[in-house]
């Protein structure tokens with residue numbers, strides 16, 4: 001029978017009599033030596049020369065007694081993994097580099113390698129969990145790996161406990177706060193604050209990602225949302241040359257943007273146009289024209305309080321006392337602005353195409369008149385002071401200068417030698433006079449209407465002279 005409630009006698013409910021000749025009272029249970037001596041493990045196995053201890057008569061346990069407990073014993077590594085935390089390395093350290101350092105101390109049984117990563121951007125936090133196959137490897141890692149240099153920094157090794165995990169997490173937060181960009185490329189952790197979870201501390205199941213999911217690639221620069229404008233120099237770019245733009249006026253129907261958002265993709269242009277925008281090719285629209293002009297004032301305009309209308313802040317010629325050649329100030333909605341700009345682009349493209357075609361056919365007068373008409377129409381539009389309109393006008397003027405130079409170089413040459421002779425006599429003086437007039441009038445935008453009328457009279461006189469010459 002069994003002793004106490006800690007063990008189970010598997011033969012308590014049935015008799016172990018295999019031969020009916022033996023009497024139950026005379027039977028010696030071979031299992032009594034084991035079951036009755038559990039309190040003294042050293043007496044489990046008795047010598048064959050010693051007589052068996054007498055069978056103690058004890059009452060059998062009641063049927064409704066307490067359920068006996070089953071005991072289990074385990075070895076040291078059967079219930080937990082052999083793992084350590086390795087940290088204090090740089091965020092761009094790869095799993096292959098870490099494994100090479102581990103193998104350099106004689107540990108080759110690495111089972112798993114998990115990097116702690118930011119959930120926001122997938123960047124390493126600078127520590128990892130290393131799982132090995134034996135306790136001996138754990139001792140080697142704890143004794144030999146600390147102090148090893150990995151990417152210029154000495155690694156730190158600690159047992160894989162919750163307390164050490166919290167310490168490595170705190171170190172990772174401090175490193176993110178004081179990290180300096182290397183080579184002008186800021187780490188991705190600077191794209192947002194170093195708070196990865198609701199309670200401020202990341203859990204191992206959330207931040208320890210298997211090494212197979214890590215992709216070693218150069219860091220990318222993300223927009224600096226939720227960061228103050230002072231974080232802009234971290235990008236390796238010079239500070240903006242002009243102050244931040246004023247908020248949008250109420251005439252646009254759009255509320256001003258929140259002050260905490262920094263529009264990196266809408267960086268303001270430099271105060272003066274670069275060389276490739278000074279003389280663009282005919283019909284080409286220079287880059288960076290997709291920016292909304294409402295966010296950035298023109299380069300030659302003084303940044304002040306929000307203007308009441310769209311046009312008042314961009315009138316650079318009124319302080320000279322001359323009349324305003326632009327359209328009267330008026331409010332322009334965003335949809336109307338885009339519609340006018342689309343129409344101006346179509347006018348500019350059509351005029352340049354027609355002028356180039358006419359100049360190729362030798363009809364320089366019509367080509368020049370077409371370009372002058374397009375310039376006048378765009379200047380009279382309600383968004384003429386916008387930077388994009390000025391670029392369109394500049395393209396038209398460049399095309400006009402090219403056609404005029406070609407027309408005066410050709411002159412009034414015809415098929416007969418007499419016409420060529422008379423052209424040589426008259427062309428130099430007329431060419432110099434007309435070129436000087438064109439330069440003076442084109443650079444003075446306030447006299448554009450007078451210039452247009454003067455050009456018409458000049459063309460009429462030229463046609464009269466040609467008609468008289470033929471007659």
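First residue shown is number 1, and so on along the chain.
Every residue, even glycine, has its Cβ placed from backbone N, Cα and C.
Taken from Swiss-Prot, the feature compositional bias 'Pro residues' applies to 50-62.
For 190-199 (among others), the entry in Swiss-Prot reads compositional bias 'Basic and acidic residues'.
If you look up Swiss-Prot, you'll see 425-434 (among others) marked as compositional bias 'Basic and acidic residues'.
Taken from Swiss-Prot, the feature compositional bias 'Basic and acidic residues' applies to 441-471 (among others).
As annotated by Swiss-Prot, SUMO2 cross-link applies to 354, with the evidence given as a large-scale study or a structure entry. The Cβ of residue 354 (SUMO2 cross-link) has 15 neighbouring Cβ atoms from other residues within 10 Å, across all protein chains displayed.
Per Swiss-Prot, domain 'RRM' is recorded for 82-162, and the stated evidence type is sequence analysis.
Annotation comment: Swiss-Prot describes 203 as phosphothreonine, evidence class a large-scale study or a structure entry.
Here Swiss-Prot flags 205 (among others) as phosphoserine.
Under the heading phosphoserine, Swiss-Prot lists 413 (among others).
Under the heading phosphoserine, Swiss-Prot lists 423 (among others), citing a large-scale study or a structure entry as support.
Among the features that Swiss-Prot reports, region 'Disordered' is placed at 33-69 (among others).
What Swiss-Prot records for 176-220 (among others) is region 'Disordered'.
What Swiss-Prot records for 409-471 (among others) is region 'Disordered'.
Annotation source Swiss-Prot lists region 'Arg/Ser-rich domain' at 418-469, citing experimental evidence.
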Assigned conformation of residue 354 (SUMO2 cross-link) - DSSP reduced to three states: helix
Integer mean pLDDT for the domain 'RRM' (82-162): 89
DSSP residue counts for the domain 'RRM' (82-162), split into helix, strand and coil: 20 helix, 31 strand, 30 coil
